[in-house]
Amino acid sequence: MWIARLVRMLRIVKVTKYSGDMQLFWKAMTNSMTAIILFFFMTTVLMLLFSCVVYYTEIDDPDTKFTSIPETFWWAIVTMINIGYGDYYPRTIVGKIVGSVAAIAGIVALCLGIPEFMECYIHLYEAARYHKRYSQRKNFDMASSKFGAIGSSKSRRRNLSRNRDKNRTFKLVL
């Protein structure tokens with residue numbers, strides 16, 4: 001049953017190839033993959049570090065909810081991403097200090113990957129916007145030269161000749 005749901009969700013990924021914005025997003029993701037890998041690596045290392053430190057500082061407290069290092073992974077991730085559910089929290093002074101450092105380290109880790117991704121995305125977005133404007137302008141120029149659009153030299157010449165003819169007919173009537 002869960003396989004069918006997974007296959008259904010994967011069909012949504014196929015739809016993204018028809019969206020220009022999603023194509024830009026995925027291209028920016030692939031272009032900034034080194035920064036994203038660095039972000040996930042730093043987050044994993046910091047999660048392991050802070051989980052171990054908090055576990056060993058809180059192990060002596062009888063009311064602690066940290067019963068094993070893998071259970072403190074949840075606390076470390078929630079703290080580093082700055083969500084802070086509050087279901088697990090350190091009770092000792094040292095644990096609270098480590099929690100504060102973990103929150104700041106999470107912000108620093110986020111600052112490693114996001115700016116490069118955003119720079120890449122903005123660059124691709126501006127290039128796509130320029131390409132769209134250039135192709136629209138090129139199509140407009142082709143249409144104006146072909147059909148004599150308003151403001152083109154063909155339409156001005158045609159209007160001048162019509163005005164001359166109108167002036168002549170007016171003079172002939174008088």
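Note: Cβ is positioned from N, Cα and C throughout, glycine not excepted.
Taken from TrEMBL, the feature domain 'Ion transport' covers 4-126. According to TrEMBL, the transmembrane segment annotation covers 35-57, 72-90, 97-115.
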How many helix, strand and coil residues does the domain 'Ion transport' (4-126) contain under DSSP?
99 helix, 0 strand, 24 coil
Between 0 and 100, where does the mean pLDDT of the domain 'Ion transport' (4-126) sit?
88
